[in-house]
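Participant: Starting off with a structure, shown below.
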Amino acid sequence: MLADDMACNPRNPKPATVFSHKNMELNVYGDDVEVDYRSYEVTVENFLRVLTGRIPPSTPRSKRLLSDDRSNILIYMTGHGGNGFLKFQDSEEITNVELADAFEQMWQKRRYNELLFIIDTCQGASMYERFYSPNIMALASSQVGEDSLSHQPDLEIGVHLMDRYTFYVLEFLEEIHPASQTNMNDLFQVCPKSLCVSTPGHRTDLFQRDPQNVLITDFFGSVRKVEITAGALALDRDVAALESKFPEEELATEPLKYAEQLPVAQIIHQKPKQKDWHPPGGFILGLWALIIMVFFKTYGIKHMKHVF
């Protein structure tokens, strides 16, 4: 879920890119970034529905959280917030109570095995105070009563590029590989107060395992665990029967034809087409006629030359 209002913002000097550092080395909006909910789809209702699975049957798989009781879930949230709430799109808020109840529904419906919650906002620790469901580990960028500060000012566009906590967490995660033995205790120490200015916090009392025994790769950059079975697996559908039902000549179709299109680079740099001139509408002509009549009646014909 992403507001997605930065990559193509008119103030962005490099369209379709978002950088985490002013040296512009790491594009965090690259080709491997998939946005399932963007713009006006990013609402508190949609967020809670995705977590709890209460979504319409017509919702595509890309907009579903397809998890079960063996899934490790990572939830990262950032934005403007305060004591016990986080703002969505500057128009609505999600509270720590709503979030805690949604996690409890997930646990009751067996939608996760372990859940890692990370939030980067002002007074972030207030968002995990109401959690009561098992197997949740939570991290926040600041304590109650503290602000979370930004980082990496860009003088060209006049704003900061990232938050301090997110910047140092991302820098830490860039060094993690699938075989890494780095554990959660290392993540807790990523951004001390000397770097973040605020005081990051974490909560582990609901988590059943010792954080020292929880690898970072259990939630970040992991390799999916595969269960190997010795027996054969019977498919529900008979592929051979389907093939015999539709002869090969009936399945053959004409090759798809695509309209000729300029390369993306030429589309971006091509000059916009000049708009055709159209005569002004009747309202504009009538307005000008009224102005001229009032001017003539007030000042007389000798001043008409000033109009033209």
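Even glycines carry a Cβ here, placed using N, Cα and C.
Nobody curates TrEMBL annotations by hand; they come from automatic prediction.
Heads up, here are the entries from TrEMBL:
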- His80: active site (ACT_SITE)
- Cys122: active site, nucleophile (ACT_SITE)
- 277-296: transmembrane segment (TRANSMEM)
Participant: Can you tell me how far the Cα of His80 (active site) sits from the Cα of Cys122 (active site, nucleophile), in Å?
Facilitator: 7
Participant: Sequence gap of 6 or more, Cβ distance under 8 Å: name the residues on the same chain that satisfy this around the residue listed as 'active site, nucleophile', in order along the sequence.
Facilitator: His80, Gly81, Gly82, Ser142, Glu146, Asp147, Ser148
Participant: Let's check the environment of His80 (active site): how many other CB atoms sit within 10 Å of its CB?
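Facilitator: His80 (active site): 13 neighbouring Cβ atoms within 10 Å.
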